[in-house]
Amino acid sequence: MSNIDFKALERAANETRGLSMDAVAKAASGHLGLPLGSAEIGAALFGNSLIYNPKDTRWLNRDYFVLSAGHGSMFLYSWLHLSGYDVSIEDIKNFRQLNSKTPGHPKFHDTPGVEATTGPLGQGIANAVGIASACKMAAGKFNTEQHQIFNQKVVVLVGDGCLQEGISQEAISFAGHHRLDNLIVFYDSNDVTLDAMAIETQSEDAVKRFESVGFEVQLVLEGNNIGSLINAYQNAKHSKSGKPQIIICKTTIAKGIPEVAGTNKGHGEAGVKFIDSARKNLGLPEEKFFVSGETRQYFEQHEKQLEKLYQEWQATFAEWKSANPKLAQLLESAHEKHEAIDIMKQIPEFPTTPIIATRKAGSDVLQPISQYLPLSVSGSADLHGSTLNYIKEGRDFTPACPTGRNIKFGIREHAMGAMMNGIAYHGLFKVSGATFLVFSDYLRPAIRLAALSHLPVVYIFTHDSVGVGEDGPTHQPVETVSGLRMIPNLDVIRPADPEETAAAFSLAYARADGPTLLSLTRQNLPFLPGTAQKKREGTLRGGYIVVSETAPLRMILIATGSEVQHCVEAAKLLGDDIRVVSMPCTELFDRQSNEYKQSVLPSGCRNRIAMEAGVTSFWYKYVGLDGKVIGIDRFGMSAPGNAVMKQLGMTSENLVNISKQ
């Protein structure tokens, strides 16, 4: 913006240093290095360059700011406070305290103005790439020649640690290839990591690294010079190169505390003991948590300037809605909630022949869902041909086709997971992503953050057991499903036939308060007994009775996915006093009423056997000390899938034998 008051911005930068020092000192915990070293970056962005509205934090066309180096959270909280967001001085005083708005690392939903949950290094830059992708999709879908309602920038602040993490390379490679020119990376290049100087662990040329993947690079040698930073931002914002941008800022970690500045001791809270002298060095008064009247006045005026831009956009938006009622209706639909039962009605019942794999059933289910939810997008880590989650009526997302609904993430599972989170943070698109279940370990940190942040993403993970067969134990998950069930707020659904799969996808696409993981087979599975309606409705409750006993109940067989068929066959051999329960989603079943759970698994029947082609430990919560679990507590082997299953005891015959022991 014109008429830059550099004195005011420099004063604000120093006052955020004071806020950060006081907050970390009061908490006796936290990180000073980035908030002090990057204060001028904050001044250039929040005090001049970013377009935002603190009164409308979800404004559709705001610029996004993601703090990838989440340990520097006081940087963000300080600037949000000055910028007029609902982050008070009292909130800053409660930094890292119980139930505060200012947790140790930024958390989506907890703090107004925080765009992404960050802290695990590298996640934020991949989140930003996902957000930038979603912004491209939105612009492609909704902008017209007359009205550009989406033209924002996505800014992410990264440090040396973020860029050492492998996920960063996956993310920037995607961004460069897809020419995400709405992405601007600020690299706080202070040459220091927690343990030592960065030169002890890296010697790469950052300029060449980013240029090689398609970024336009600017190097700001005086990374604490506000004028240089603003100029660099404006150059990046108005670049005609069609490339994503990175501004490498050579900064001094913990600037303002000479005793630790420029060293690894400045990373954490070690500098707290020197803050009294630092306050004098920075020209700050002795008063703690001090913000001057001049700084508050500056930001009040700045907010008024931003409000003008906001109102201008609102006028354009109103014109756009009037001129494009169908597009306006589509945009509004992004915020509509959908019930699983309504989504499920869009999916025709399956013919009972031929038998098919649940991954194939998933493909058949995805097509009507994608028509019903036109703002849904689906991606894969170079496995669309195997995971079968390609939206057939949607083209590929490319620079030339930003409206494409199929995202080719490439063989970048970790970035895929974090980019999916970014698309979900954006909020307009329902995103799913696919790979083989065994490779979920590559993106588990992103799955965990999706669950923590209550992001409604959908994971479509196929080839879900030793039934994979010939590829062998490297590709045969055994511990994976149980491990994923341990993540709070993640619903894991392992359907047993196409009708259960229809309900599973409906649940996943309806869920708005967290992620859902679909575990699907490579191998064909028979249809379970019962009507499509019974199986679908039962799946919506997480677990249900597939085969009812016709004599006094003697035993309950519990299974998921490909093993339910063995329980059904075993029940035929064991007698009419056997009940078979399919439990595709234990998390959902656990959320049912006690009355319903007792109707399916009555506590009076303690003779229970659970069967799943994976580790056994998880299932004892359902079978109890008197029950048995048939599973696989070892790695698999390379052979045809049926042979591996038989060798490892995943058969109805083995189930019958164990039931008699």
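Even glycines carry a Cβ here, placed using N, Cα and C.
Taken from Swiss-Prot, the feature N-acetylserine covers Ser2, and the record attributes it to experimental evidence.
In the three-state DSSP assignment, the secondary structure recorded for His267 (thiamine diphosphate binding site) is coil. Around His267 (thiamine diphosphate binding site), the C-beta neighbours below 8 angstroms that are at least 6 residues distant in the chain are His31, Leu32, Gly33, Val192, Thr193, Leu194, Ile253, Ala254. Positions annotated as thiamine diphosphate binding site by Swiss-Prot: His71, Gly119, Pro120, Leu121, Gly161, Asn190, His267, Phe439.
According to DSSP, Val192 (Mg(2+) binding site) sits within a strand segment. According to Swiss-Prot, the feature Mg(2+) binding site maps to Asp160, Asn190, Val192.
Annotated active site, proton donor per Swiss-Prot: Glu413, in sequence order, evidence recorded as similarity to another entry. Applying an 8 A CB threshold to same-chain residues 6+ apart, the list for Glu413 (active site, proton donor) reads Ala381, Thr435, Phe439, Ser440, Tyr442, Leu443. The secondary structure of Glu413 (active site, proton donor), as reduced to three states from DSSP, is helical.
Other than Asp160, Asn190, Val192, the residues of this chain whose Cβ falls within 8 Å of the Cβ centroid of the Mg(2+) site are, in sequence order, Gly33, Gly37, Gly159, Asp188, Ser189, Asp191, Thr193, Met197, Ala198, Thr251, Ile253.
Annotation for Pro120 (thiamine diphosphate binding site): same-chain Cβ neighbours under 8 Å, separated by at least 6 residues, are Gly70, Pro445, Leu449. On its own chain, Asp160 (Mg(2+) binding site) has Asp188, Ser189, Asn190, Asp191, Val192, Thr193, Ala198, Gln202 as residues at least 6 apart in sequence with a Cβ closer than 8 Å to its own Cβ. Around Leu121 (thiamine diphosphate binding site), a 10 Å sphere centred on its CB holds 22 further CB atoms from the protein chains shown. Under the DSSP three-state reduction, His71 (thiamine diphosphate binding site) is assigned to helix. In this structure, of the binding-site residues His71, Gly161, the smallest number of CB atoms within 10 A of the CB marks Gly161.
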